[in-house]
Amino acid sequence: MSQIEWAMWANEQAIVSSTVIALGGILGIAGMFKNWQFGIYAVIASVLIFILEWPRGKRKKGRTMERVLQRPLAVLVNHLGVFGRNYFIRFILYLILCVPCCFILATVMGGISLFVTSIIYFIAAMKGEEWLAVGLDAETVDKRRPQSLSLHPPKRPPPRTRERHENLGDRTVDVHDITIQEEIR
Amino acid sequence: MGRLLNDIPRWIVIAVWIAGNIGMFVYTYFRYMGDEFYYLRLILGEGLPVARAGASCLNLNCMLILLPVCRNLTSFSRGSLKRCCNKTVLRQLDKQLTFHRYIAYMICLHTAIHLGAHVFNAERFLDSYSQPGILSALSLLPTTPDGTFINFIRTAATDPIREMCKTTAGVTGIIITLVLILMMSSSTETIRRSYFEVFWFTHHLFVVFFIGASIHGLGEIVRYQTNIDVHNPHVCKDKYTEWGKKADDGKVECPLPQFAGSPPQFWKWCIGPVVFYLMERGVRFYRSMQQVVILKVVKHPSNVFELQMRKKGFTMGPGQYIFIKCPTVSHFEWHPFTLTSAPDDDYFSVHIRQVGNWTNAVAKAVHVDSEEVEKNLKLPRISVDGPFGTATEDIFNYEVDVFIAAGIGVTPFASVLRHIWFKETKDASMELKKVYFYWICPDLNSFEWLHNLLREYDTKMAESGKTNFLSYFIYLTQGWDKNLAKNIVLHENEEFDPITGLQQKTHYGRPNWNKIFPAIAEAHPEKEIGVFFCGPKGLSKTLHKACNQHSKSGTKFYYNKESF
C-alpha cells in the first residue's frame, strides 16, 4: 500500500461509468421513449470514455498491472499529448459529457456516475498526478542501449562442486545436484 | 481426482446459491403475473415482473452478503462444526471472501436488471396518459373522492426525471446505486491491493446502502388491486367506460378498481444478518479494548519489523492470521497479518513490512527507527482480533513432509517450521521424521528475517545433532548477473551461501519437480509423504500433477493446497 493515487480509482470509476452509460443508452434506444436520441449520444460517449480510459496510467511507485490488450490504446492516448496526459482536462471533459446524460431517465445513473468520476479526476489533478504510458518507454530504453552492453542474466546455473553435497553424509540423494548436472550436460 | 474432490463442496455451495437465485427470480416473476397485478401489468408490461424478480433476488443476496464478512462468526461456526463436518467442508469457511465477491457480482447484476426495468416502468407510467382507452382511464383514477390510484405519476405534464426525484424510491434508488458503483469501482484488484485505504473507506458506504435499501420501498409505488373479487379485471377491462356505473338492472357490474401499495420487504430479509454483523462489530470492539502488551519490537533488514506481543487468553495454531489495529494511527483500520510465531512460544509475533501509509505510521508509533533503546519509550496501544483461518494439524499425520512456498507464501511456513521444531525437541514420539522445505522466490530482498529464522535452525540442529531433520532449499528465480556469478564462484568453497548466509546454498532458476519428487520417493520408499503448498495457482497445478504422477511403487504423495 503506497500513497493514494486518486487517478487510479478515477480510472476504474470511469470504466464502470462508461459501462453504466452504455447500458443506459442501449435501454434508452430500445425503449424509444421521448428524446430517445440521447441514448445514441450516450452510447457514443461511453465508447469514447472507454477508449480513453482502458489503458491504465503508470503508477508512481511499484509495478503497474496493465489491462488486457491495453498497449494499442495506450499508444493512441499517448499520441493525444497533453489531452491524454492531463487529468484536469479529463475532469472538464467528463463534466461536459455527463450533462446530456441527465436529460433522459435511462442514462441519469450513468451521468451521475460520470460526474463522480470527474470529481475524483479533479482531486487527482489537484494532487499533481498525470497520465503516463506504461510499457511504451521500455522499448525506447532498449533501443538506446545496445544489446551487447546490457547485463542479461545467464541462462545456466552457476557451476557447483560435487563434494559439498556428498560430505553431508545424508541418506537423501541431493536432487538439485542431479538437476544441475543434467542441465550442464 | 483429488483436486476435484477438494473442490466439490465449493461447487455444491455455488450451485445451491445459483439455484436459489433462479428459483427466487422465477417465483417472484410468476407471483407478479397474478390477477391483482393485471391492471398494473397492462400499463407496465413485462417491466413489472422483471423489476420485482430482480428486487427479490437483491433481497436474497443482500441478506447473504454480510455473512461471509463476519469473520468471528465464521471462525466460531468453524469451531462448533469441527466435530460433525469433515475438513473439506470446513475449508469452505475459509473461502468466505470469494463467496462475498460472488454475491457482490450477483447484486450488481440484479441491480442492473431492477434499474433497467424500472426505467421502462417510469417511462410507461407517464406514457400511459397519452394512450387512448383503458391505459389513460387507469391513469386518471381516482375519479371519486374515496377512490385509490394506480399510477404514481399524477399529471401528464411532467417528465420522468422530475417525477423520480419526487419519490423516496427514486431518490434512494439513485443514492444506493451510486454507492454500489463506488464500492464496485474501488474494490477492483488494483485499488484493493495498492490503495487499501480507498477500498476500505468506500466499502463502508455499505451502511448507506443498507439504510437506503430499507427505505427504498416506503413510497409503496407498486400497487396491487384489492378488489378482484368484485371487479374481475379479465371481465371488466373492456368496459372501462362503465366502471362504477349502475347497469340497467340496478347492479354495478364493475365497481371502480381499488389499489393499495405493497409495504417494503428489504428489512425483513436483512434484519438477521445486520444483527449478526452488529454483534460482530461488538466482538471486534470488545477485542479492541482488551489489553495487548508489546513485548519486543525487532528491526529486520529491508524495512521489516517484528512485533512480539502477548494477550490474555490468546491461543493460536500454526498458519493462522490475525487482524491488527493501532488506534494511534487510525481508529477504524484493521489490517491482516500472518502469525509468524509458533503456538509453543509464550508470545505471538507478526512481521510487518513498511510499504504504505499505515505500516509506516505503525513503525513510527512503535519507534522502530529510533536509534537509542530507552526503556521508557511509550509504546502505543495495539488491538488484536483473531486468530482466524484453519490451523493445520495435517502436517503431523505424515512421516515425511514436503513444504513448498512461493514468494510471499512463505509467511505461514515460518510459524509452521517453528512449531515443528518445538514439537521435535519435546515430543520424541512424533511421527514426523523428515521435512523438506522448498522456497521459490524471485528475489530475496525483504525476506532477510526468514534467513535469520533458518539460520537459527542451522545452529539448533547442529547443537542437537539432528542435522537430518530439516532440509531446506532456496530457489532464486530472478537469475543472476556477472557480478553475482563472480561472487558465487568466489565463495563456492566457503561454508555459507554468499547471498543468504545459510549453510545450504541457494539454487538459481526454477526447481525441476520431475527430478525432485522421484528422488524424495527413492529416499523414502513405502512411505506416505505430505506435500503442502502455499503460493500462486499455476504452480499449484503443476505440483498437484507431479504428486499424482510420482505416487508409484509404494511411496505416495498427498497434495494439500492452500491449507494455511
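Cβ from N, Cα, C; glycine included.
Taken from TrEMBL, the feature transmembrane segment applies to B:12-30 (among others).
Annotation comment: TrEMBL describes B:50-70 (among others) as transmembrane segment.
Residues or ranges marked as transmembrane segment in TrEMBL: B:102-120 (among others). Counting same-chain residues at least six beyond the ends of the transmembrane segment (B:102-120), those with a Cβ under 8 angstroms from any Cβ of the stretch are 14, 17, 21, 44-48, 50-51, 53-55, 57-58, 61-62, 64-65, 68, 173, 177, 180, 184, 187.
TrEMBL lists B:168-186 (among others) with the feature transmembrane segment. Cβ atoms under 8 Å from those of the transmembrane segment (B:168-186) belong to residues 104, 107-108, 111, 115, 118, 122, 192, 198-199, 202-203, 205-206, 208-209, 212-213, 215-219, 221 of the same chain, restricted to positions at least 6 beyond its ends.
Taken from TrEMBL, the feature transmembrane segment applies to B:198-219 (among others).
Annotation source TrEMBL lists domain 'FAD-binding FR-type' at B:287-394.
Using a Cβ-Cβ cut-off under 8 Å and counting only residues 6 or more beyond its ends in the same chain, the transmembrane segment (B:12-30) has close neighbours at 49-50, 52-57, 60-61, 64, 92, 99, 102-103, 106.
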